[in-house]
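What follows is a short report on a single structure.
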């Protein structure tokens with residue numbers, strides 16, 4: 001039974017904190033938390049399995065505020081529930097430099113913030129990944145260890161964004177019944193009423209995608225509770241479209257976009273306090289309201305103690321593995337297995353496309369590391385992302401390790417974020433490199449959150465051939481290298497591909513991207529070495545015969561071209577060395593001495609990459625030469641394109657000779 | 001009445017050409033054109049208003065092959081209809097370097113290809129822009145001049161992509177009844193049957209978004225014709241979900257993904273010829289089939305002659321303006337009006353955010369150039385994209401110049417492509433610079449197609465303040481400058497903002513992006529000059545007093561910081577000059593002499609931009625200094641952030657002094 005007066009006071013505490021914090025910060029979004037305070041109160045005090053004393057407990061329900069601009073909602077609730085990590089002073093420091101309470105919720109700033117949100121639609125899509133990870137981990141460990149819900153509050157913006165379609169279609173297909181999305185249906189966007197730009201029937205839309213969907217009054221606590229109860233028995237994911245008034249309580253601005261993204265101002269706040277019957281000073285929470293929230297927090301945490309009992313009763317090995325998986329540590333014998341496979345590659349010297357070398361590496365890695373959770377955006381047989389041991393996940397059977405993400409690159413990348421955030425898995429997913437443009441906003445969030453997601457991006461240059469310029473990346477390597485915290489690997493043969501995988505897996509707090517070729521690449525790493533040379537970022541792959549006149553720097557499929565150019569130049573009497581550059585970011589992190597030694601002092605420095613020059617000046621200098629692309633590609637057979645765009649051993653040799661002679 | 005035997009033969013001609021061309025190219029996608037041949041035959045021979053003798057006639061129906069991998073469908077049809085620009089030899093050169101018949105349809109390669117497609121979903125969203133442009137131009141010129149349909153063939157991939165949601169929601173809202181989408185519902189994706197990744201009911205989904213939707217048998221010509229007839233009387237946009245068999249006619253591979261993306265092989269093709277009753281040699285079209293197609297082409301073109309009669313009857317001035325608008329020439333008096341406003345700005349010296357300066361410029365430009373068609377992805381009052389004279393477009397009334405695109409950045413950018421391709425308008429649209437990530441795939445297509453779309457991207461740095469790192473672009477300028485053919489402008493005051501607008505409008509064959517500040521910027525262009533200095537890309541904004549020891553290069557909001565640093569350095573006895581760099585691409589296009597002179601020979605060169613260094617080495621050299629960002633931003637007041645990240649006059653002066661002393 002709901003005590004209505006108590007509920008109202010508890011919800012008003014959120015409203016007041018949101019108003020006060022925005023007012024103090026002189027910027028922010030009061031309307032959303034004021035409008036959804038009733039929903040959040042019911043959800044957090046009656047439904048959410050969440051222990052304020054241990055907000056990172058693995059089997060907690062996940063809560064995602066997809067409408068991230070309403071960040072004061074989650075900050076208020078975490079504070080009221082008694083999360084130590086979120087003090088009243090933190091609320092008072094809302095939107096100030098260095099505070100936990102950033103303008104949008106930032107993962108890592110405080111416990112209880114499950115993901116960074118703000119870029120609209122992505123919270124919802126990330127939550128789909130969390131809900132999926134829960135089901136897969138449940139299939140492995142059973143209900144006793146893994147059995148929780150994922151709740152989302154999403155706004156009109158989230159549901160207008162295209163990614164919402166990818167997310168809900170995917171979740172509906174998989175039947176993620178423990179995913180519950182509450183739509184804050186306040187009818188307001190920044191440009192005015194939502195009717196200026198949409199006429200959609202969201203309930204019908206979600207139903208078309210296989211969801212259970214209903215409409216409720218978002219200010220009626222009983223209706224909210226009843227809808228959340230019904231969601232728990234649904235065999236489908238649930239949408240609750242909750243009609244709300246944005247800025248509920250604000251006397252003149254409620255229900256209008258005036259309350260969305262700016263402080264209310266003193267007079268309006270005074271009026272709101274009166275209207276809401278909230279007679280307390282700014283940031284003051286009366287004891288009985290605080291106690292009610294704390295009590296709810298205590299109750300919400302009961303599940304954890306029972307879970308811990310069950311957990312302790314398990315065999316030590318199961319516990320150890322589960323803990324390791326949740327921590328994100330790799331299996332202790334993984335390095336050894338990689339080393340053994342590397343020795344095999346060194347002796348076999350395969351002539352393989354790096355996408356194929358990646359598949360071969362995955363056969364070893366997937367067998368050794370059960371946390372690897374693969375997938376592709378409908379290009380499995382092109383990206384070579386599926387290891388033989390990986391069983392596909394299908395609706396109703398989550399006991400697998402491979403996800404058919406469908407033609408949803410952005411949805412895939414956002415779901416991968418959710419999987420990584422959930423814990424227990426290291427997600428990787430594939431598409432063509434050119435389509436990193438489609439998933440870029442989610443890659444950026446992974447980089448901002450510093451989480452380990454691995455993008456397997458194949459067909460990484462004009463080398464893909466006839467599909468033409470819409471499918472040929474040219475600017476993508478540069479634009480991905482531009483993203484802070486993201487590591488871009490472009491391995492040049494099978495050994496480098498394995499080393500790139502090893503390095504990416506080892507970057508526990510960073511996303512990585514593997515840029516892989518469609519076309520075959522000869523082996524050049526043919527000497528046994530225990531060192532992971534890719535992890536140096538760049539290294540001398542072939543020394544000059546004598547003092548080098550020319551240094552060639554190349555990545556990926558162009559390393560072989562650089563080797564061929566070296567042969568031409570050596571023959572012409574110009575001693576030439578080849579430096580392989582599989583990862584700019586790791587090279588940047590080396591000591592100045594190593595960098596200087598690797599770059600060397602040859603008179604002529606040439607960068608070679610079937611992409612634009614941008615970024616290469618850091619290695620070859622602004623007076624260095626570059627053999628690559630200066631325009632979009634074209635449709636034609638790959639070898640013809642390399643000729644046409646002048647990325648050939650001859651062209652390199654000619655450029656070097658001209659510079660040496662000049 | 002349909003002659004079934006004739007229809008079948010005509011459709012089989014498409015199938016045979018598709019099989020044969022893919023086989024000859026040894027790569028390509030035969031399944032889609034074989035599966036949609038019946039649809040295309042009915043559409044192109046009975047419905048499409050299209051004159052093969054003049055494929056660019058302004059009032060033609062537009063046809064968009066959103067499933068662009070099925071490019072042989074459109075190449076075959078254009079050839080069969082008798083478009084001179086598409087010969088049998090062109091078909092034989094399918095997917096070869098330099099051919100018109102690229103792997104995916106490329107705008108500009110041949111008349112009749114209305115847009116480049118291939119990146120899935122975008123064709124549909126581009127078509128929405130075309131259909132919208134048609135309605136707006138119709139509101140201006142009436143049914144006699146502008147009254148045509150936009151037809152789309154889209155596949156499962158197009159409809160799984162998120163952008164499809166933005167496109168159909170937007171089109172349904174606006175009631176674009178002359179938009180007809182035929183969904184090639186073949187149930188096959190690359191990973192297998194569509195049931196591996198989706199369970200959606202597309203008909204219900206489109207209906208939820210305000211469309212008329214129905215299902216038909218996509219191989220029944222009478223059903224196809226009847227559905228297209230019904231579409232013509234609908235007051236809503238129409239979806240026709242046509243059940244088809246991919247690779248229809250292929251004896252063993254039809255209906256499976258084996259027929260999607262690879263040549264059928266000799267035996268399968270032989271079997272298909274037998275099954276289809278097509279006994280002709282590769283690339284042979286029997287005379288009666290060719291004649292039937294040509295006759296249909298002649299009939300389809302009748303509308304043009306009647307249109308031309310109507311057009312000739314119009315006043316000369318109406319004709320001249322219409323022609324000018326369709327050609328894309330700007331009004332002849334525009335330059336003069338810009339010059340007058342520039343003189344005003346030079347005298348007023350306003351201290352304005354460049355987003356506000358852009359709004360002021362738009363008041364002048366929108367009044368002078370009726371082709372300017374503005375909009376924003378729900379940030380009108382933040383982007384300042386709406387001129388007072390611009391009436392909003394609303395459902396049922398297209399007589400306006402401003403579009404509320406909703407929270408659909410990608411859909412907006414794709415629609416802008418469609419508007420530009422349609423002709424008659426110069427589209428511009430706004431969002432925050434950070435959300436260029438959301439629209440990047442459409443910006444890339446604009447650049448690839450070389451069409452004039454102008455992106456008004458505001459809040460272009462940490463200067464946006466408290467909204468924090470999810471909203472603060474850091475890597476975006478570099479990653480946008482990486483896109484070939486795109487011009488990125490970052491003006492530093494009101495005069496530069498106006499000049500950037502002028503330069504962008506003048507780039508008739510390129511998209512441009514305006515990167516604009518949230519925060520106020522003092523005027524530094526305070527001297528009268530008829531020259532558009534922004535069009536130089538970079539220029540000396542302040543000379544040194546004596547021989548320069550330091551050159552500061554800055555863009556946008558950092559020019560003012562560079563000026564302040566110059567004052568400090570001058571005072572310290574280090575003569576310093578300031579170079580404003582509003583557009584890298586235009587500076588790159590200047591003569592080597594001008595570039596060298598502008599870069600100068602000062603001992604210390606410092607780039608200043610509140611973004612990452614990537615790209616600046618081309619100006620400051622790899623040994624130059626850079627004051628900017630090396631990480632993501634943070635949430636806090638803008639001035640605090642500039643301090644925190646060390647982008648201040650003091651930091652610049654200190655860096656210069658250290659280098660000079662060292």
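Even glycines carry a Cβ here, placed using N, Cα and C.
DSSP classifies residue B:409 (active site, proton donor) as helix under the three-state reduction. What TrEMBL records for B:409 is active site, proton donor.
Listed in sequence order, the residues of the same chain lying 6 or more apart from residue B:29 (substrate binding site) and placing their CB within less than 8 Å of its CB are B:22, B:69, B:70, B:71, B:72, B:260, B:261. Per TrEMBL, substrate binding site is recorded for B:29, B:260, B:355, B:382, B:459, B:467, B:471, B:518.
If you look up TrEMBL, you'll see B:69, B:118, B:119, B:120, B:157, B:186, B:260, B:435 marked as thiamine diphosphate binding site. DSSP assigns residue B:186 (thiamine diphosphate binding site) to coil in the three-state reduction, outside any helix or strand. On its own chain, residue B:186 (thiamine diphosphate binding site) has B:31, B:32, B:35, B:155, B:156, B:243, B:244, B:245, B:246, B:255 as residues at least 6 apart in sequence with a Cβ closer than 8 Å to its own Cβ.
The Mg(2+) binding site annotation in TrEMBL covers B:156, B:186, B:188. The DSSP secondary structure for residue B:156 (Mg(2+) binding site) is helix.
Residues or ranges marked as domain 'Transketolase-like pyrimidine-binding' by TrEMBL: B:352-523. The predicted model assigns the domain 'Transketolase-like pyrimidine-binding' (B:352-523) a mean pLDDT of 98.
Look at TrEMBL and you will find B:29 (among others) tagged as site 'Important for catalytic activity'.
The site 'Important for catalytic activity' annotation in TrEMBL covers B:260 (among others).
Using a Cβ-Cβ cut-off of under 8 Å to chain A, the binding-site residues B:120, B:459, B:467, B:518 reduce to B:120, B:467. Residue B:118 (thiamine diphosphate binding site) has a Cβ environment of 26 other Cβ atoms inside 10 Å. Just so you know, the Cβ of residue B:119 (thiamine diphosphate binding site) picks up 28 other Cβ atoms within 10 Å once every protein chain is counted. Cα of residue B:120 (thiamine diphosphate binding site) to Cα of residue B:188 (Mg(2+) binding site): a distance of 15 Å. A helical conformation is recorded for residue B:69 (thiamine diphosphate binding site) in the three-state DSSP classification. The two recorded residues, residue B:119 (thiamine diphosphate binding site) and residue B:409 (active site, proton donor), have Cα atoms 16 Å apart. Secondary structure at residue B:382 (substrate binding site), taken from DSSP and collapsed to helix, strand or coil, is helix. Long-range C-beta contacts of residue B:355 (substrate binding site), restricted to its own chain and to partners at least six residues apart, with a cutoff below 8 Å, comprise B:382, B:383, B:384, B:456, B:458, B:459, B:516, B:517, B:518. With every protein chain in view, the residue among the binding-site residues B:120, B:188 whose Cβ has the most Cβ partners within 10 Å turns out to be B:120. The Cα of residue B:435 (thiamine diphosphate binding site) lies closest to that of B:471, out of the binding-site residues B:188, B:467, B:471.
When every Cα pair among B:29, B:260, B:355, B:382, B:459, B:467, B:471, B:518 is compared, the largest distance found for this substrate site is 48 Å.
Across the residues annotated as binding thiamine diphosphate (B:69, B:118, B:119, B:120, B:157, B:186, B:260, B:435), the two Cα atoms farthest apart lie 34 Å from each other.
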